[in-house]
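According to TrEMBL, the protein has these features:
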TRANSMEM  B:20-37  transmembrane segment
TRANSMEM  B:49-70  transmembrane segment
TRANSMEM  B:77-96  transmembrane segment
TRANSMEM  B:108-127  transmembrane segment
TRANSMEM  B:139-158  transmembrane segment
TRANSMEM  B:178-195  transmembrane segment
TRANSMEM  B:215-234  transmembrane segment
TRANSMEM  B:240-256  transmembrane segment
TRANSMEM  B:261-280  transmembrane segment
TRANSMEM  B:347-367  transmembrane segment
TRANSMEM  B:379-401  transmembrane segment
TRANSMEM  B:413-432  transmembrane segment
Amino acid sequence: MSELTLLLIRLAFLAALWFFVIAAVGVIRTDLFGPRTAPAVARKPAKVAKPPSRAKKGDPRQLIVTGGPLQGTIINLTETPITIGRANDATLVLSDDYASSRHARLFPQDGQWIVEDLGSTNGTYLERSKVTRPTPVPLGVPIRIGKTVIELRK
Amino acid sequence: MSAVDGAPVPMTAKRRGAQLAMLAFAVLIVMGAYASVGLGLDGKIPSGMLTYGLGLGALMLAAYLVLAKFAPWADPLLLPLVTLVNGIGIVMIYRLEQAPMPGANATTQLMWTALGVVMFSATLIVLKDQRALQRLTYTAGFAGVILLAIPAVLPASLSEVQGAKIWIRLGQFSIQPGEFAKLALVVFFAGYLVAKRDVLALAGRRLLFIDLPRARDLGPVLITWGFAIATLILEKDLGTSLLLFGTFIAMLYIATQRTSWVLIGILLFAGGAVLAGMAFSHVEARFDAWLHADSPELYETAGFQLMQGLFAMGSGGILGTGLGQGHPNLIPLAFSDFIFPATGEELGLTGLMALLLVYALIVQRGLRTAIAARDPFSKLLAGGLSFILAWQVFIIVGGVTRLIPLTGLVTPFMSAGGSALLANWMLIAVLVRMSDAARRPPPQAIQDEGLTQVMQR
């Protein structure tokens, strides 16, 4: 085995090692920013037909916790309702003495998200006003539940 | 699950294809490394390449299938990244075995890897929901303390190997209970801090720039500190002591977001270590070997291993000598504590940086899981487990590069050693379980409830 071949093998191995790292970073990148090509919706037009309202630009896509112990948590909004409370099966589990076990619910209807208080002890607040009946949630308006503040974002 | 498949949000994708491709890539790299060792040593591809490569590939395929069945939403990168470091470790041990170096045995390491994959699968299958661990908070704490304390209590003949009293030896068979203790203790810390974090985070008063906690809230920190120092003195094990205390402080910081805890922790540990150094000769010897490793008196004795490691990395340089072409067998214990400098000699700085990045990516995936987790216990547990992995890599790499005193910790997944490999595979299984829970889309509603429906409880 000549020196040159060994040198080439050595360099090729190091290159492969780094290529692995770069590929791993690539997978993470797709996780963070979405696939580089158009998303799955564009490739499979059959699936777009179902909810025409969802693809609209102004719709909220994420629920972000902006205050309280869970600050920074992000939940991606799909078609499913989101329950908030201390119960273990809630979508967002709060450990907050001021929250009820099934405190509030967020669900999509006709292209907007609605917040509904589920008979909690201490109430749910949309901005400053107490939520007494299902109320539409605009983008970026804080919902306060106990010590936790959440917002809808694009 | 049509709502999920068509979802525009990439977070909820399963990424099975990416995972399988990365896994195959990792196994290919390991096989390449294996071939490269053979070519470098005697100019031909070793006969066992297919056995080793396919063996590792089959193991990882099994792990992948279990993961796809029992944790389908789990992070796609954790398994491939771990496969790579584990495989490179086996190749390095094989290379040292061929050198030849007594004690290095790649077949044993492959067998332990197989057992590690079994533990990984068992943990994933048994642990359906990581929140079940929260109920075991105090049991885990008790188990951790017992596991850690056994070697200290046993007579030295049953527990001491090369100056560190951290083993249980039963004839041929020996395990390091401390490796499992650290998992149990992280579970305990997470459960305990979830229960107590409000009082630890809120009570206290402000002095200059930092919020000082109340004196009585210092209890848990002081107990952990006393425990860490006792480990240091009774088991002659600076590494585990530093590892556990550092992890506790980091988790305390994650739970309370208070800088003062970190400062208190660092001061306590530094103070304790200095005091222990003055009082006990074996701790002092460790410090001496670190500070004066290159002095003529210590070079032949306590500092020899450290200096050989440094020379090895030096002769590797930027690009390394190439696999199979260096002399890593000159470093004592190159297959366990010093596998990192041995790899550094043959792969050079370029290879070491890639390996460190792979570790960093594993930790990043863990911390990402912590951010995405939906309940405080999972957040703390994922944060703690990721941190303990990062911290362990830091302590051992810092030790062999002479940044901090050398401690007898293993390089996770690379060093020869069964207990550490099993424990770390279990750690990854818990992380995988949590990332599955965190990335799983919210549960589907059973029926469409009307607006006026009132939920009663």
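Cβ from N, Cα, C; glycine included.
Computed from a predicted structure; not experimentally measured.
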Contact call for the transmembrane segment (B:240-256) against the transmembrane segment (B:215-234), three or more Cβ pairs under 8 Å | yes
Report, as numbers and ranges, every residue of the chain located at least six residues beyond the transmembrane segment (B:108-127) whose Cβ falls under 8 Å of a Cβ in that stretch; write 'none' if there are none.
-> 52, 55-56, 59-60, 62-63, 66-67, 70-71, 86, 89-90, 93, 133, 416-418, 421-422, 424-426, 428-430, 432-433
Taking residues 6+ outside the transmembrane segment (B:261-280), which of them lie with a CB under 8 Å of any CB in it?
-> 200, 210, 213, 218, 221-222, 225, 228-229, 232-233, 238, 242, 245-246, 248-249, 252-253, 286-287
Grab the same-chain neighbours of the transmembrane segment (B:379-401) for me: Cβ-Cβ under 8 Å, and only residues 6 or more beyond its ends, written as numbers and ranges.
-> 130, 133, 182-183, 186-187, 189-190, 193-194, 239, 242-243, 246-247, 250-251, 254-255, 306, 309-310, 313, 337-338, 340-341, 356, 359-360, 362-363, 365-367, 369-371, 373, 407, 409-412, 424, 427, 430-431, 434-435, 438
Residue numbers, six or more beyond the limits of the transmembrane segment (B:413-432), whose CB comes under 8 Å of its CB atoms = 67, 71, 74-75, 78-79, 82, 85-86, 88-89, 92-93, 103-105, 108-109, 112-113, 115-117, 119-121, 123-124, 127, 130, 133, 175-177, 179-180, 182-183, 335-337, 339-340, 343, 362, 365-366, 369, 381-382, 385-386, 388-389
